[in-house]
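S.K.: Once you've had a glance at the structure underneath, I'll fire off some questions.
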Amino acid sequence: MTHRIAFIGLGAIASDVAAGLLADAAQPCQLAALTRNAADLPPALAGRVALLDGLPGLLAWRPDLVVEAAGQQAIAEHAEGCLKAGLDMIICSAGALADDALRARLIAAAEAGGARIRVPAGAIAGLDYLQAVAGRDDAEVVYESRKPVAAWRAELPGMGIDPDTLAESRTLFSGPAREAALRFPKNLNVAATLALAGIGMTRTRVEVVVDPRARGNQHRIQVRSPLGEMQIELVNAPSPANPKTSWLVAQSVLATIRRHLARFTIG
């Protein structure tokens, strides 16, 4: 069976995912993309990914699955229409879901259309553990994001920090996951994913650190409850095309697509 998969956005993550799908002969796919600029299409995907004109064009193409990888604004513009039309979605820009009103609208749209929303793990691990303790009022979750200067180069000047002279680590934010995800939409999707899987946007605590000595994009997750403790530390290689995100993210999205299409899954 050939699956029809449409992307919203065709940046670094979506391009890597599309290439992975096209290379998988065991799971043939037809691909299309809704993108603002046809020049975004990498040469390796030219002629292999159909370009769609707006949401009407996407709906007319009738995909089996829609993968959003274009940022939080794209979710506000397109997700509700896709879900109402009955199209299952994978949402990569999880930070948008920190907005309770938007999240409620998307869930209502999915219910109306009989669609499902999936959020990939992305750059992190341990979501199954967080889901297991989600209902406990006595659970504590702390997440630390520690990334090198390259991941924050565009934002640091606006915070009064010179990225070229920064020699020591600096804490950029300390507070609840909701505020972190909405304040830093290009860097903190992970915070929203953790909070949605676990104890919520308010109780999940987030520390954001820029560190010129960081070995890649580092993620530390600590969970404590009477059920036990979990500590996870990941050191992910940055994406060659976008240092704000981990190279692992595209593979996580690809794995989520394969689970969505599979008859047999684990986890």
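For all residues, glycine too, the Cβ spot is worked out from N, Cα and C.
Sharing the feature lines straight out of Swiss-Prot:
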ACT_SITE  His219  active site
BINDING   Ala123, Asn189  NAD(+) binding site
S.K.: Rounded to an integer, what is the Cα-Cα distance in Å between the residue listed as 'active site' and Asn189 (NAD(+) binding site)?
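M.R.: Just about 12 Å between their Cα atoms.
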S.K.: Let me check the 10 A CB neighbour count of Ala123 (NAD(+) binding site). How many other CB atoms are there?
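M.R.: A count of 21.
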S.K.: For Asn189 (NAD(+) binding site), what is the tally of other C-beta atoms lying within 10 angstroms of its C-beta?
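M.R.: Around the Cβ of Asn189 (NAD(+) binding site), 30 other Cβ atoms lie within 10 Å.
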S.K.: Going by DSSP, is the residue listed as 'active site' part of a helix, a strand, or coil?
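M.R.: For the residue listed as 'active site' - judged by DSSP and reduced to three states - the answer is strand.
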S.K.: Count the other Cβ atoms sitting within 10 Å of the Cβ of His219 (active site), across every protein chain shown.
M.R.: 23
